[in-house]
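Have a look at the structure below, then the notes.
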Amino acid sequence: MKGLFKSKPRTPVDIVRQTRDLIIYANRSADVRESKREDKMAELCKNIRELKSILYGNSESEPVSEACAQLTAEFFRENTLRLLITCLPKLNLEARKDATQVVANLQRQQVHSKLIASDYLEANIDLLDILIAGYENTDMALHYGAMLRECIRHQSVARYVLESQHMKKFFDYIQLPNFDIAADAAATFKLYFGLLSYADANVRVTLLYTLLQELLTRHKSTVAEFLSKNYDWFFAEYNSKLLESSNYITRRQAVKLLGDILLDRSNSVVMTRYVSSRENLRILMNLLRVRYFPRMHVEDIFYLAYQKLQGTEPVTFDVLNASLLQESSKSIQIEAFHVFKLFAANQNKPPDIVSILVANRSKLLRLFADFKTDKEDEQFEADKAQVVKEIAVHYIRISTILHSANTIFEVSRKLCCLHYGLEFNVAGLKGIGDSLAKFLDTAVDAAKRAGEIIRNGFYQTKNVEHKGQVDLVTETDKACEDLIFNHLKQQFPAHKFIGEETTAACGATELTDEPTWIVDPLDGTTNFVHGFPFVCISIGLTIGKIPIVGVVYNPIMDEVRILCSLATCCEQIMCFASSQLYALFTGVRGQGAFFNGKPIKVSSQTELVKSLLATEAGTKRDKPTLDASTNRINSLLFKVRSLRMSGSCALNLCGIACGRLDLFYELGFGGPWDVAAGVVIVEEAGGLVYDPSGKDFDITAQRVAASNPHVKDAFIEALRQSE
């Protein structure tokens, strides 16, 4: 009989109804005595905890879908959600946490395959106003913020918030001095843009949210529409209050979110507009920690033109200065770079964006030289190299314009056209693409003509002279240089020229920003004298002291192929491998590197111990130099797979470019003619060229190291230890 009077277990519907009654009581119990009120509030907190247990399960059981559906249907049938939200401030902390989790879970519950929470919120959209206003209450901000983040998973809710006046308030909430609120506002702000992520480790509130793929897609389209309609005020607020905030966390979150927004394909139109703004570029360069020079104005253009024609000063684009904030955070720099690269990659850059990038070229190059992520990142290195190429192409274009003009009127007209984005068509300058193609074709033609002289003299008796103890020169060297210079001067009479043999006879010529052809007519003269076929012609063009075009041609390999038919089997294999390794290498800045017309790239070797190293002994034979050289080699041999000495700096660089060699260094070589062509070929093949100390490469320093990006740091450290 005792069992007949046992209380009946409460169903989910019963719990929801009792909870609703208790909430109504709590909202009306101002005059009720305190003890009774406390009992009712305790019962309410217990009910909320039971609702949470039904939805999430517990340590003993998983949630039951039927019970969850019953609970959800009843919860939204009689406005329990509204009552719970308005009652939340009266609950204790634990009950607030439980209530927040209940509301969050209900947004994902389906009844008859339908998200009824979405329909309810669409019909009761004013609840969003209550949740958003909760950010102004320090005690409630985190709870209301978590509820809001879950509610805006529904597209109709997200659209309402985006289009409401509340949107502008989030820029202020993120700046609140209370860190918890600011962090939560940033997290909610982030979710509006359909982002799957977790909060930054510095944020105390951990975000646990997941979006269905179709909902994420719908949000993206909604956001793209919103940004297009509200671009001006949105990014004005975003830039001034977030990206330029004095708070580190705000800047860091803001620049990362900006990158996510702009890199989303749905926002391509917005991205194009953003990266066409001079002001936006200024802000990103501040975050990158680049001292910024504004673009040239018309007065500066005429002044530069006057300087160029008068010859009073070398042309420089660092014409104005500004005092700017310096950003010290590496993490912010890296996130800022992912946005900055979009400015460089834009194929329709406005003239003022181009002039800013060119004006800051040297500073950007110095920054990127030491700019690395904590972990090895191939894509980051590739993006960085592409940015450098884009800036170099625009620098070449402007330099070509300046150096192709002969009158003040022509210089001014060309620069003004460039400045204002107007079209111009001057004889001899059809565009930088045509100019680079002509430079390359002319250099290749010159190299092949000189190659005939080298082939003819290769098997003949040589008349050898000495420039040093072991540095040789032949009549072939001199004849090739004369032929190459004459051929180049016919096409480019206004350019400057530096050659190995001319320098030996007449003294050094200073390398300037002017377009300059740097020629080694026969790199590997000692090999040539001894009949060893590792010889080449090296022709490089620099503009602004940057190697732009490179041609390295080994004319002997065609002859070797013929002789291979008479050789032994092993010799044939060696000759064939050599002929595939070296013949005609070309590279043009921004357009790739090629071997016999086919694209090449550096090796993908990641381990120093498995790398093949090339070097040269140099031409000096004094004991200190020889001791240092041999000690360095002895040290390195313990750290690499093997060592090669081919006798040609230019061919060694090409070996790096085509992936046959992994590492190369040389100290004390003859001059810029040894490296001017090879540098651009290596870099266009995806390799890196640098000083053996790890500093930036200087074409005039007679010091060079090259490798693929993976082994650079280890190679520099090995070189340092070998000193």
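Each Cβ is built from the backbone N, Cα and C atoms, and glycine gets one as well.
Residues or ranges marked as Mg(2+) binding site in TrEMBL: GLU500, ASP520, LEU522, ASP523, ASP674. For the recorded site, LEU522 (Mg(2+) binding site), the DSSP three-state label reads strand.
Listed in chain order, the residues near the Mg(2+) site other than GLU500, ASP520, LEU522, ASP523, ASP674 are ASP477, VAL519, PRO521, GLY524, THR525, CYS536, ILE537, SER538, CYS649, ALA650, GLY670, TRP673, each with its Cβ within 8 Å of the site Cβ centroid. Using a 10 Å radius centred on the Cβ of ASP523 (Mg(2+) binding site) and all shown protein chains, the other Cβ atoms total 30. Shown are the binding-site residues GLU500, ASP520, ASP674; the one with the most C-beta atoms within 10 angstroms of its own C-beta is ASP520. DSSP gives GLU500 (Mg(2+) binding site) a helix state. Over all protein chains present, the Cβ of LEU522 (Mg(2+) binding site) has 29 other Cβ atoms lying within 10 Å.
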